[in-house]
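What Swiss-Prot annotates here:
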- CYS17, ASP36, GLN44, TYR49, VAL89, PHE124, ASP289, THR330: FAD binding site (BINDING)
Amino acid sequence: MSEAIKTDVLIIGAGPCGLFAVFELGLLDMKVHLVDILDKIGGQCAELYPEKPIYDIPGIPLVTGQGLTEALLEQIKPFNPTFHLNEMVESIEKIGDPGFRVTTDAGQVFECKVVVVSAGGGSFQPKRPPVPGIEAYENISVFYAVRKMEQFRDKEILIVGGGDSALDWTLNLHPLAKRITLLHRRDEFRAAPHSVEQMRKLVADGTMDLKIGQVTALEGADGKLTGAQVKGSDNTTSTVSCDTMLPFFGLTMKLGPVANWGLHLENNLIPVETASFETNVPGIFAIGDINTYPGKLKLILSGFHEGALMAQKAHRYVYPDKRLVFQYTTSSSSLQKKLGVN
């Protein structure tokens, strides 16, 4: 077992909410380490939609998931957080008042005063369509997420699904692709009406195809797709020519070890009080999509707000004898000094 790393705060999850929490904690002189099961920083933003536009970040009309991640990393540079990627927290043990010993599946041990769970909905994996032999094509010509749009330039793409992800990527990839076919099991969609309207206009213009049915088999060799057999609503089978398939059937969310950390759970979410977003265990907080409370909105901006209030309470655990004086970055010379702006 590795020697324990001592830190003020350990954040579990390096998505946008976890990253902004570093900023709020750093302003209050708390040192932070972050652990994430993914191999990259940014959580779902980086893993699932790095190039997908986000429109509801205050003051930023449009930013991609990757762009938001990069901006947050730039913002927290002055606080020099340490990241531990490809590691999953397995256990949290109380060792003081306050104080916790946290152990990962890599054998790394942390000793900290505060734990912040910012793990989104837990670990996630795409739902795989029930198509025989699809595994042989995965990551070669079948993909469950778009990480680089340029990868799909001049491709003949079959997009499968009827939700927002399927419609969004149909519209976003349309200018790049050689041809796009959208396939859904029925001619009704669970996506934003504006997106559905745009898609139907492209179909009417003849620049893309819409088919109703389900994929029953794939055609190709050595992982390289040449087509997909589709069974229509009239039970007839046809072949859709494609060299790339993007199935968007949603995600399977798994809490994993979170369920064993002694935290109360409601429908796989962690209940918190809304003054500081603390859990039933003093010193353990939950922010972002992993938590629940009356009126909760699963928005990145909500997680930012939660992180700011969490940091105020965390300060009491890390510095129990130090009075916290609230300050503004616009007027506080000490905060500006921490940020390196004066």
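Placement of Cβ uses the backbone N, Cα and C atoms for every residue, glycine included.
Remember, it's a predicted structure, so these values are computed and weren't measured experimentally.
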All-chain count of other Cβ atoms within 10 Å of THR330 (FAD binding site): 7
Here are some binding-site residues: ASP36, ASP289. Which one has the most Cβ atoms within 10 Å of its Cβ? ASP36
Just how many other Cβ atoms lie inside 10 Å of the Cβ on CYS17 (FAD binding site)? 29
Write out the long-range same-chain contacts of TYR49 (FAD binding site), meaning residues 6 or more apart in sequence whose Cβ is under 8 Å from its Cβ. THR64, GLY65, ALA145, VAL146
Around the Cβ of GLN44 (FAD binding site), other Cβ atoms found within 10 Å total 20
10 Å Cβ neighbour count around VAL89 (FAD binding site)? 25
Under DSSP, is GLN44 (FAD binding site) helix, strand or coil? helix
